[in-house]
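What TrEMBL annotates here:
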type    : residues                                          : note
BINDING : Ser35, His69, Arg89, Phe90, His91, Ala121, Ser225 : phosphate binding site
BINDING : Glu206, Asn248                                    : purine D-ribonucleoside binding site
DOMAIN  : 29-301                                            : domain 'Nucleoside phosphorylase'
Amino acid sequence: MSRHYAPKYDETVAWIRSKCPPSLQHVHIAVICGSGLSGLVDSVDKDREKVVIPYKDIPHFATSTVQGHPGNLVLAHLNSIPTAFMVGRFHFYEGHDLALTTYPVRVLALLGVHTLIVTNAAGGLNEAYVPGDVMAIKDHISVAGLGGRNPLIGANEERFGPRFPAMSDAYDPDLRRTFFRAVKELGMQSIAREGTYCYVAGPSYETRGEARLLVQAGGDAVGMSTAPEVVAARHAGIRVLGISLITNRVPYRPVPSVSHEILGTPVPPAEKNQAPEQVVNHEEVLEVSAMRAKELQGLVRKIFELLPPPPPTRSTH
Ligand SMILES: O=P(O)(O)O[C@@H]1C[C@H](O)[C@@H](CO)O1
């Protein structure tokens, strides 16, 4: 055990276990519900035990402040697998530091989680994407991480993982195959995508110039969560499936100039015949999440039915 061992994780885990029946004391899979996606929890087995714990009651947890993130930890069975749902998540932009934002992921690891399904609402950068598309994340670009905001900064917690964990294989290919098998069985091919998620700190949405930078870097979608949770999960040896619901198109063409209108100079060639792009807002994000809620519930349930066998048990749990 590391000399930086922090006993609060164990306090949280013991407290959560004290609220659970024996069948939910160890959970195997966790689902983090993105903006407006809390309905994913409705896919749990109805005839089994279910424990709902508000984050505000859980020792050492932060509380959710964002609309569309109710703020409950739900422990239940899905396809008979003991599962934890984070119904609502924490974001860095709410003012929590990244260690607190990702604290639940480590608690989930200690509760026995070996597989994390992390979902989010995201803006589409890829020209081909339309609102309502569902993207399996194959890679991420953490802009905030590159800028020095990584949840693992500080003393390494050896009990979870190594000082320098690899992230080049962060999104498990077998779980992605499972995602696409589920998509195929449900006939959802026309809305399914596979791409790279860009993490920005938020809470302001991107300027057009920032969005163009992300497109040029190879980003397909952009959002304000997920990457820190994935870094913490991979550090703890948890395998990850990431799913983005594309809720809006991100405006990224150059901002239209106005100088020619006043000065009578030519319209810049790049701006000729440019279709107007819509400004994004959180209400639109929640609307599209609500529109796809039922399909995503079905997709998550199908993924659970098709999941590959769990990875070998880790010694920390
Ligand atoms: O929690 P997620 O990443 O799903 O929420 C997205 C990002 C911001 O929190 C919010 C912006 O509309 O939605």
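From the backbone N, Cα and C atoms, a Cβ is placed for every residue, glycine too.
The 10 Å shell around the Cβ of Asn248 (purine D-ribonucleoside binding site) contains 22 further Cβ atoms across the protein chains shown. Ala121 (phosphate binding site) falls within a strand when secondary structure is assigned with DSSP. Residues His91, taken from the binding-site residues Phe90, His91, Asn248, are distinguished by a CB atom under 6 angstroms from ligand 1. On a Cα basis, Glu206 (purine D-ribonucleoside binding site) lies 21 Å away from Arg89 (phosphate binding site).
Comparing Glu206 (purine D-ribonucleoside binding site) with Phe90 (phosphate binding site), their Cα atoms are 20 Å apart once rounded. Separating the Cα atoms of His91 (phosphate binding site) and Asn248 (purine D-ribonucleoside binding site) is a whole-number distance of 19 Å. Sequence-distant contacts of Phe90 (phosphate binding site), defined as residues of its own chain at least six apart whose C-beta falls under 8 angstroms from its C-beta, comprise Ala62, Ser64, His96, Leu100, Thr101, Tyr103, Pro104. In this view, the densest Cβ surroundings among the binding-site residues His91, Ala121, Ser225 belong to Ser225, judged by other Cβ atoms lying within 10 Å. All protein chains shown were included, and the count of other CB atoms within 10 Å of the CB of Arg89 (phosphate binding site) stands at 28.
In terms of Cα spacing, the binding-site residues Ser35, Ala121, Ser225 that come within 10 Å of Asn248 (purine D-ribonucleoside binding site) are Ala121.
Here the domain 'Nucleoside phosphorylase' (29-301) returns a mean pLDDT of 92 for the predicted model.
The Cβ of Ser35 (phosphate binding site) has 26 neighbouring Cβ atoms from other residues within 10 Å, across all protein chains displayed. Other C-beta atoms found within 10 angstroms of the C-beta of Glu206 (purine D-ribonucleoside binding site) number 21, with every protein chain shown included.
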